[in-house]
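**Q** My structure is below; once you've seen it, I'll send some questions.
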Amino acid sequence: MSEDLAKQLASYKAQLQQVEAALSGNGENEDLLKLKKDLQEVIELTKDLLSTQPSETLTSSDSFASTQPTHSWKVGDKCMAVWSEDGQCYEAEIEEIDEENGTAAITFAVYGNAEVTPLLNLKPVEEGRKAKEDSGNKPMSKKEMIAQQREYKKKKALKKAQRIKELEQEREDQKVKWQQFNNRAYSKNKKGQVKRSIFASPESVTGKVGVGTCGIADKPMTQYQDTSKYNVRHLMPQ
């Protein structure tokens, strides 16, 4: 999705440059000014949507960030870790440690979900619980946690769908406006001319389909002329 959004953003920017170039010669054109404003808005919307594409687990783990691990962990230890689905801290157990990459495979006690998380993000159980109490979070039952997760996922999905819908609508609106702009530009530059296919039906019974370019449409075909006098034999010496 990020790649598609990046392509769309490049397209919007290219369109904006062309509109700005057109405005340099007609700075008071209301249609062009409105188109410029709309393009600027959709560019900002696309940038905003692109900024949400990277993993959101980075922001959720900010409260656990540090430069070096403050605890020596081993397999089987209990810890407090951030669940990537909602950014909340839960009790978990360390299943495996990768010292080379500084990560640990953990299993959350409440849901049984397994994740791989940086060792820097892990906290001792007591320290993690105290941090939650200090922040005003009261312990919840398993049922309450499940209900909270469902509500969070629902809101997140709705918000994402709405953002995508708004962006797609902006794209369609810009497509129509851009086509209208191009059509008006053609009409102004080609005033009095009619865009016709060379294969269009002739306007008279003597016209020929496919014959009519260069201003000779609907005229009778050129009559055949005898060119035998120019035969190469007449040029040979007698």
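Placement of Cβ uses the backbone N, Cα and C atoms for every residue, glycine included.
These figures come from a predicted structure and were not determined experimentally.
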**Q** If you look at how Swiss-Prot annotates this chain, which of 28-46, 142-160, 218-236 comes out as motif 'Nuclear localization signal'?
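**A** Spelled out, Swiss-Prot records motif 'Nuclear localization signal' over residues 142-160, not the other listed ranges.
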**Q** Suppose you look only at the domain 'Tudor' (72-132); what would the mean pLDDT be?
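**A** Result for the domain 'Tudor' (72-132): average pLDDT 84.
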